[in-house]
Amino acid sequence: MHLVIIGNGITGVTCALTARRLRPEARITLVAEESPHHISRPALMYVYLGHLRLPDIKPYEDWFWAENRLELVHATATAFDAQARTVQLSTGASLAYDALLLATGSRSRPGQWPGRELAGVQGFVTLPDLAQMTRDTHGIGQAVVVGGGLIGIELAEMLAAKGVAVTMLVREAHYWGSVLPPEEGALVQRQLDAHHITVRYATELDALLPDGLGRVRAVRTRTGEELPAQWVGLAIGVEPNTDLARTGGLEVARGILVDELLRTSAPQVYAAGDCAQHRQPGPGELAVEQLWYTGRQQGETVAYAICGQPRPYRRGVWFNSAKFFDLEYQTYGRVPARPDPAEHSFCWQHPSGCHLLRLNFRSDTLAVTGVNVLGLRHRHETWHRWLQAGTPAPQVLAELGAANFDPEFFRRYEADIVAAFNQQFPQHPVVRQRRTGWFGR
Amino acid sequence: MTTAPVSPVSVPEKLLLAVVGLGLLLLLPVAFDADAQRARLCFFAALGLLSAGTLGWSWWKFGRGPAGVRQNNLWLRASTARGALAWLMAVVLTGFYVVLYWFSADNGQGNFGPLNQLVHALDPVSQALRHRPADQWFLYGTFYTLAVLLMGGRALWKYRHSPYQRVRTASVMFFQLGFAFLLPGLLLAFQRPEYYFSYFWPLKYDYLFPGTVGYLLKDGGPALGVFMVFWGAVMSFVATPVLTYFFGKRWYCSWVCGCGGLAETAGDPYRHLSDKSRTAWRWEVRLIYPILGFIVLVTVLLWLGAAGALPGWFTTPRQSGLPLVSGLSPVDGLSKVYGFFIGSIFSGVIGVGFYPLMGSRVWCRFGCPMAAYLGLLQKYFSRFRISTNGGQCISCGNCSNACEMGIDVKQYAQRGEPIIRASCVGCGLCSTVCPRGVLNLENGPREGRYQASPLISADSLRILG
């Protein structure tokens, strides 16, 4: 069997590794245009900051691919023929496949603003984006970042570290307003303030203004205000990369449409990761999932399907994490930005403004539905168990120490959290269970 | 790809670095000035400038502003990315060790060669602490302790957001100052053997050699001498396995040990330079275990020889063409060879001299027999592991980058496997720098120690071997 995978991101690579484990004899080829080897895209910012070098963000050393008989082709897949089962490459070669995975990922949403094409205006998703930013941010004094999400704040951190004055334009009323409740947004705001990032909330971009040499000079907001900027980052989200899928005549909506085994509309052609769109997402689940973790899980699902052990894609309990400057964020389960009427939302904050825990639970059964932690580390396995079992919130709080994943000697806040809960929900009193013995973990 | 822009160095930072440079420059007239009084003045002025400059710069760079992981420009500046400045630093450090080890011994008239004036500048300090004039080793010990304390100050500011790093840094500073500088000096002042209670066999290999044991028992007196020998033996054979069982080898390597102390403080700007490749790992196991075997063999032979259990051939001095061992018995020759190649060249010259090129733990990783011994205990008889947090890893590589022991930490984290490696010294930096809260040093139970997270189906493809 010859498995051809287009894209060497986490989705494509996970599929390749899983297929290698399930079918040691299979021929597996990874085609990628971005870089010859798999790189960690979330780590691109660390290369710019100088924490790491490019080779350091390769999750596997170069010998790994040859030793595991994973063939790497550094080329663009320009078209594929679902009838003939071949993929055309930019090198002129064509690859015959028995199974094909399109893991073409996503690209920055370009936006429609005038001046979009000016030099010094770009998104930040791929390795070429990093190269472009590296080239274009030498010697600049001011930059504007459009978009208040994960990539937006990353860009702000990267630029600020180089001594660039950064202004963020954010459409919502607080940071990452589509995902974070206001208290969490306020904590992130403290970080933005501490790092001297100017944020304009409820502000939208109107146009990008040129300097006469084809380079961006300033941006104009909808209110007509002009902000000088020699570089502008557009971080208004990503969209599925479906160009190749369209050449093969696959059914495409926002992303490449797939069923629960991640099969596309053509036989033996699969799509997974950022570029795929579920025809029937589970209740409360997204049709297009653009996370590192979901990419990994989808890659596995495809490998199992191709290797004759199909198991439908089940994302399981949602989780994610990020870091906003110096503030770590983890989330398990579902914590909507706006309260769900059927749920209670308990939120504890440390007076320092550096730690927060939000616990959502159903008001009828008290079953926990999600948690946000900021400035605290929590244990994935523990939350996975609690959320899957629908453990009642009082019990979770009583045992909260079991979820703590902070390093030794860090202050523990379980007592404060439980006290705050008892004050806010006296009808559900919690008695905190203490760890027993020296080695209670 | 072009290099990313480097943030400009501010004027105060330049001034503070200039103070450090001035302090270093001021050491030159100390070495060459014929006037002893003036040399001494210069010496203490130099130490003052070095201290003020280093602490001032550390505070300026890390102590102001919000606390957090500050790794910016590590791989973009020549000084920390094997550039010209790093090579210069390596040459200076290596040169210092060469002069110290082989060209600055007392010539019998109190002259210490090129380091003479520096050594004598410390006479008042040495007299006050040890009731005797300074020698080249006191000079070295003073510089070493100063480096640990000053750069320890830097580490305290740099990692002030992490209680684990604060406590650990304070610990290595305490053990260096108290156990490796003040206490040995005081022992000398009281006419006792200079003994380091924080170094044990097989790192301080001669502490369990018959010659040293005899000397300690004789010169240490009936109570203290016996205690020193007892302490050394108990620490090596009882306390080490017990403490390693509960806490991993970190209780020693990154909390107590002086070599580790220097690496964690003065070596901190270079920790990312350790090679993470599989090739480096192969060299590691090729070197460190034979060195452990070597020192065990030498120690056993010395004791057998002392007990008269060896054929005469082993213990009879003989002439040979090799100047290093000529006039020694084969057993003593072997001990001399170990001391010269491992004790001096590897642990000193290469171990510290190569900090700016190969990272701060070259000796600990490739050479130290104590690390090898602790490592075997840690891997097979310990509760310690670094746990990974479910499926949260994004393979960013910050953990591997921060690992001074050259462990490719992300290989484990991205598979959801706990990190149980003989070489891990438990410095905790992987956990500190992780942007997703994935890694945690834990002394958990032994059951399920190797259990990977069920939330990632780890690939079974080999990464070592």
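From the backbone N, Cα and C atoms, a Cβ is placed for every residue, glycine too.
In TrEMBL this protein carries:
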type: TRANSMEM; residues: B:84-103; note: transmembrane segment
type: TRANSMEM; residues: B:137-157; note: transmembrane segment
type: TRANSMEM; residues: B:169-190; note: transmembrane segment
type: TRANSMEM; residues: B:223-247; note: transmembrane segment
type: TRANSMEM; residues: B:287-314; note: transmembrane segment
type: TRANSMEM; residues: B:337-357; note: transmembrane segment
type: DOMAIN; residues: B:384-412; note: domain '4Fe-4S ferredoxin-type'
type: DOMAIN; residues: B:416-444; note: domain '4Fe-4S ferredoxin-type'
As a quick check of your reading of DSSP, tell me how many residues in the domain '4Fe-4S ferredoxin-type' (B:416-444) are helical, how many are strand and how many are coil.
5 helix, 5 strand, 19 coil
Contact between the transmembrane segment (B:223-247) and the transmembrane segment (B:337-357) is defined here as three or more C-beta pairs under 8 Å separated by at least 6 residues; is that satisfied?
no
Same-chain Cβ contacts of the transmembrane segment (B:137-157) under 8 Å, 6 or more residues past its ends?
47, 50-51, 54-55, 57-59, 61-63, 100, 112, 115, 118-119, 122, 125-126, 130, 165-166, 169-170, 172-173, 176-177, 180-181, 184-185, 258, 261-262, 264-266, 268
Local confidence of the domain '4Fe-4S ferredoxin-type' (B:416-444) - pLDDT mean
96
Using DSSP, how many residues in the domain '4Fe-4S ferredoxin-type' (B:384-412) fall into helix, strand and coil?
9 helix, 4 strand, 16 coil
